[in-house]
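A short worksheet on the structure shown next.
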């Protein structure tokens, strides 16, 4: 049987799933919003970040992971929230919510400021172990997604693709979306070789993503 490039991540075994559940069932709190590098918290724990286009479902996914609906809040205006938001997972992890990219509603100076901060963060955060790049399963990889992937390649930060809203696409449409995503990822050396398929609404893939984060080593 031919092995597909960038296969879907398999569901974790019972022990690994429980490890992920415990990480996200503990104290999960918003720590701070950061607008400049000198505002970053101490680099004293494992750090993962979530990146994605505006309206990709990033805040909803973070809330599904933590089981807290109001923890991460989506901006009503795409491209306007330009803070790097830090959340603590127990005393061992930072979960970092990067601003949604897609700048149709944002002034040029805001776009430039955000791009500079993002580049500095990705290249200068030694404890950042993995980025999770969220892609809407209905639409696949867009040009702005390619831009963030290129930044991650340059910064040598491993990134893993998470397809969101998978419950909204079925059968051949889902297969086509996966094929397009795999083709795009083949051009990026920093791409982690598994894709996680999620639905925040249905809970699909949430245990897998929790377990993946819980097993990332220092």
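Including glycine, each Cβ sits where the backbone N, Cα and C put it.
As given in Swiss-Prot:
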| type | residues | note |
| --- | --- | --- |
| BINDING | 52-59, 79-83, 97-100, 164-167, 198-200 | GTP binding site |
| BINDING | 59, 81 | Mg(2+) binding site |
| DOMAIN | 44-218 | domain 'EngB-type G' |
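Following the DSSP three-state reduction, the secondary structure of residue 165 (GTP binding site) is coil. The Cβ of residue 83 (GTP binding site) lies under 8 Å from the Cβ of 33, 34, 35, 99, each on the same chain and at least six residues away in sequence.
DSSP assigns residue 52 (GTP binding site) to a strand in the three-state reduction. For residue 198 (GTP binding site), other Cβ atoms within 10 Å of its Cβ number 25. There are 22 other CB atoms within 10 A of the CB of residue 165 (GTP binding site), with all protein chains counted.
A gap of 13 Å separates the Cα atoms of residue 59 (Mg(2+) binding site) and residue 198 (GTP binding site).
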